[in-house]
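Annotation source Swiss-Prot lists coiled coil at 451-479, citing sequence analysis. According to Swiss-Prot, the feature compositional bias 'Acidic residues' maps to 30-42. The annotation compositional bias 'Low complexity' is assigned in Swiss-Prot to 372-394. Per Swiss-Prot, the feature compositional bias 'Basic and acidic residues' maps to 451-479. Sequence annotations record features per position, and here Swiss-Prot assigns phosphoserine to SER397 based on a large-scale study or a structure entry. Swiss-Prot lists 1-75, 354-394, 426-486 with the feature region 'Disordered'. Residues or ranges marked as repeat 'ANK 1' by Swiss-Prot: 80-109. As annotated by Swiss-Prot, repeat 'ANK 2' applies to 116-146. Swiss-Prot lists 150-179 with the feature repeat 'ANK 3'. Look at Swiss-Prot and you will find 185-214 tagged as repeat 'ANK 4'. Per Swiss-Prot, the feature repeat 'ANK 5' maps to 219-251.
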Amino acid sequence: MVLLAGPGPEGGGTRCLSPQSPTPPRSEQTGEDPADYEEYEDFSSLPDTRSIASDDSFYPPGGEEEYGSVSAESVPEGVPEAATLLRAACANDVGLLRALVRRGPSSEEVRETDRNGRTGLIVACYHGFVDTVVALAECPHVDVNWQDSEGNTALITAAQAGHVTITNYLLNYFPGLDLERRNIFGFTALMKAAMQGRTECVRALMMAGADVQARDPRRGLSPQEWAAYTGRAEAVRVIQRLMERPCPEQFGDKYKLELPLPAEAVLKKSGSKNCLQRFTAFLRSTLTSRSSGQSLEDGGVLDHMVRMTTSLYSPAVAVVCQTVCPENPPCVGKRRLAVQEILAARGNLNAQAQDSNKVECSEPQSQILETPRASSRSPKSPAASRSTPAPVTRKASLLPLQLLRRSSVRPGVVVPRVRISKAPAPTFQPERAASKGNTKDSIYLQIPKWRYKEAKEEKRKAEEAEKKRQAEAQKEKRAPRWRKRT
């Protein structure tokens with residue numbers, strides 16, 4: 001039996017023979033050089049035990065501990081190794097890595113690679129070090145599209161390994177990420193994720209705008225065909241489902257939370273049913289088996305529930321987070337920008353709008369008159385004085401006035417006034433304000449009077465006056481005539 005191990009285009013290099021029974025040397029029988037073969041007493045000592053060919057990788061075995069180009073044996077004992085970004089990333093030392101990033105490393109230090117051509121970002125994506133990837137996102141000079149000796153990028157490595165958190169972080173927080181970068185075999189990140197059956201990574205890459213119709217140069221298969229070729233049925237189903245419904249409409253600002261009417265309700269006649277028809281419909285709905293297939297169809301009740309709970313206007317989502325671009329939801333085949341690119345574009349638009357408003361507001365105030373100095377005063381001709389423009393626009397008119405008027409004595413921002421009054425004595429009792437009267441033109445607030453109450457009051461006064469007049473008339477009639485004569 002022959003075992004293949006080590007580097008090579010076919011996944012094997014050195015030929016190793018299994019232990020044989022005590023027989024004469026093969027060199028005496030065949031005349032071959034005995035140095036061409038190596039005999040092993042134990043299979044655990046074979047180099048193939050450390051092979052990672054099962055992960056579809058062709059890195060030479062036995063090099064995970066050696067992170068740099070300099071081997072550990074070449075470093076003398078007692079001499080501490082220099083702390084580099086590559087060593088910190090390979091050891092998942094986030095504290096040291098952040099300290100090195102704050103120090104401001106050079107481009108050579110950031111692009112340091114191991115013997116396989118992998119940078120610290122690719123190694124972190126390979127092992128699934130999420131905190132290391134987050135720390136490297138803040139490091140300058142990081143090339144997210146760097147390819148190792150096999151042409152694999154950080155995105156290809158993370159998607160192939162199935163690290164969906166790192167894949168989403170690379171897609172969202174690394175500007176300039178190339179989704180269609182291929183390795184030496186012509187495979188993209190979506191193809192590698194489909195081959196390995198990483199359904200979550202396939203979904204993330206497709207919603208980020210990866211090309212679903214891309215084909216490799218050797219076999220000419222698409223990602224869906226590669227998933228079917230390698231027996232990844234779940235990946236095939238996910239790709240087919242996303243191609244049928246490419247855009248999640250609940251993530252847009254035009255989505256409505258209303259449940260659409262079913263086809264039966266739309267086709268149902270508007271005429272009213274009699275008692276017998278309603279009773280028949282009730283019996284039919286009762287005896288009919290309510291299977292889950294009707295609710296799991298597209299546009300059904302469960303589909304609407306999922307859309308409603310995950311939409312931007314859902315109470316569970318609107319309170320927790322706020323999307324950056326609600327007018328541009330993700331879609332299959334449409335390239336999605338990183339968060340930094342979206343915020344930069346929106347910040348530029350807001351800055352331009354604010355600058356235009358500030359310019360319009362500050363133009364009338366930014367015109368000043370230029371007065372000549374005392375040393376340069378000289379008689380000028382009327383033509384020269386007429387040709388010189390009087391108003392001169394300030395060069396710094398684009399700056400806000402509060403920044404231009406800032407000084408060490410009086411800043412541009414208006415300082416509020418604070419008045420402090422002495423506390424009164426404990427026995428102090430405030431005087432009640434005198435009543436200002438019920439005049440209508442008073443500046444103080446008054447109790448409102450309703451119109452119906454005023455009319456009722458006027459009617460009562462009129463009735464009292466009428467009764468009083470009638471009483472006086474009756475009194476005059478009852479008086480004797482001799483009193484009237486006098």
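Every residue gets a Cβ built from N, Cα and C, even glycine.
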Selection from 116-146, 150-179, 185-214, 219-251, the stretch that has most Cβ pairs under 8 A to the repeat 'ANK 1' (80-109): 116-146
Reported mean pLDDT - the repeat 'ANK 3' (150-179): 94
Helix, strand and coil residues within the repeat 'ANK 2' (116-146) as assigned by DSSP: 15 helix, 0 strand, 16 coil
